[in-house]
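Colleague: Before we start, here is the structure in question, set down as structure tokens.
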Amino acid sequence: MKKLAILGSTGSIGVSTLDIVAAHPDKFQVVALTAGGNLDLLKKQIEEFSPQLVAVLNEELAQKLQQMLSGKGPAILHGVEGMIAAATAADADMVVAAIVGAAGLVPTAAAIKAGKDIALANKETLVTAGRLIMDMVKAHGVKLYPVDSEHSAVFQSLQGHRMEDVKQIILTASGGPFFTWPAEKLAQVTVSDALNHPNWSMGQKITIDSASMMNKGLEVIEARWLFDIPAEKIAVNIHPQSIIHSMVEYIDGCVMAQLGIPDMKAPIAYALTYPGRVPTGVKPLDLTALSGLTFFNPDYSRFPALKLAYRALEDGESMPTVMNAANEVAVGAFLNGRIKFTAIAEAIEKTMDFHQPHLLNTIEEVLLVDRWGREKCKELLGIDKQ
């Protein structure tokens, strides 16, 4: 029986994780949940999974949740302290880190320091603090399993092989909803256009990142730290069918790939049960029903966000942290109708141009740079810092 703390339980990954838990009550128990503001869904999750502890964003939400729960319920905490308490819950064997954005960094770091194994769905943890986090993982002797479908595919394709035999990692990308759109049309993209992903069902922020291809950029940076491999050995191929989730090419010319229907339950379950596997309810892949699998090189001129991620890795040190912070601000501005879709990458690049990369030695320093990046991007976009 593996005991889980799920950070971000009401988001897309959190909901899928709990679907797997519900399907295998003999294998998993939920001891802690954290959520943002979706109290109705959180209440249902509490009633179904009976966690000992839950944490929400602020005190007002905590009080409201307390009123919604009739009878004896879990301990209800709030804020960063509450998230950390959930991430370090004494009974938890594994923490599913699925909080969206840089907000997931502090509780994930706390979980590692508390000796918890991590199922990592939060890209930004490694993007903003990759070196620090991987050093912590080694120092505390914990396991970190990727939940991203692409990194899970790479992880699976590396099993039984030596890293020194790897020629390159090939991350696949669907290309998003605008893969075939001409450059001049991208400035006219609406929020509803961008939220209509052709293959995957995801949360709003990651769906916009997928449309801009910044999502793939974040994954390139994440892969660099997860697999301790230089950026020049990480390639990206556009694969519109999203059947091959990523590949590893070896020095002898062999390529290992992981295939499957696009459904996040599969990589989540693998992270929860590694090295074993469990039934997930994912639709079987019928190869005979496929009309074909196609691959293309990314067009950096139409999707400059991906190129910015490679630049951030090349600049190194604190630059990925700034890039990520600016992206979160710019995506929020687009979702709120303040800027055009094409202005997302422009805002990120301008913010990066203002930054002088420097070494980050602590999580606190990462948070300071993250704040600087957000404020600079807001300033450049003319958004009130508050």
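Indices start at 1 and increase along the chain as displayed.
A Cβ is built for glycine as well, from the same backbone N, Cα and C atoms used for every other residue.
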Colleague: According to Swiss-Prot, Thr10, Gly11, Ser12, Ile13, Gly36, Asn38, Asn122, Glu124 bind NADPH; identify which of Gly175, Gly176, Gly203, Gly217 is listed for that same site.
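Modeller: Site partner of Thr10, Gly11, Ser12, Ile13, Gly36, Asn38, Asn122, Glu124 for NADPH, according to Swiss-Prot: Gly203.
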Colleague: Look at the Mn(2+) binding annotation in Swiss-Prot, where Asp148, Glu150 are given, and name the residue from Glu60, Glu81, Glu219, Glu232 listed for that site too.
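Modeller: It is Glu219, as the record lists it for that site.
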Colleague: Within 8 Å of the centroid of the Cβ atoms of Asp148, Glu150, Glu219, which other residues of that chain place their own Cβ, given that this set defines the recorded Mn(2+) site?
Modeller: Lys123, Pro146, Ser149, His151, Ser152, Val154, Leu171, Asn215, Lys216, Leu218, Glu222, Ala223, Ser246
Colleague: Do any of Gly36, Asp148, Gly203 (binding-site residues) have a CA within 10 A of Glu219 (1-deoxy-D-xylulose 5-phosphate binding site), and if so which?
Modeller: Asp148
Colleague: With the cut-off set at 10 Å between Cβ atoms, which of these binding-site residues ends up with the most neighbours? Options: Thr10, Ser12, Asn215.
Modeller: Asn215
Colleague: To see if you understand the setup: which same-chain residues, six or more apart in sequence, place their Cβ under 8 Å from that of Gly203 (NADPH binding site)?
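Modeller: Counting only residues 6 or more apart in sequence, the Cβ neighbours of Gly203 (NADPH binding site) under 8 Å are Gly11, Ser12, Val100.
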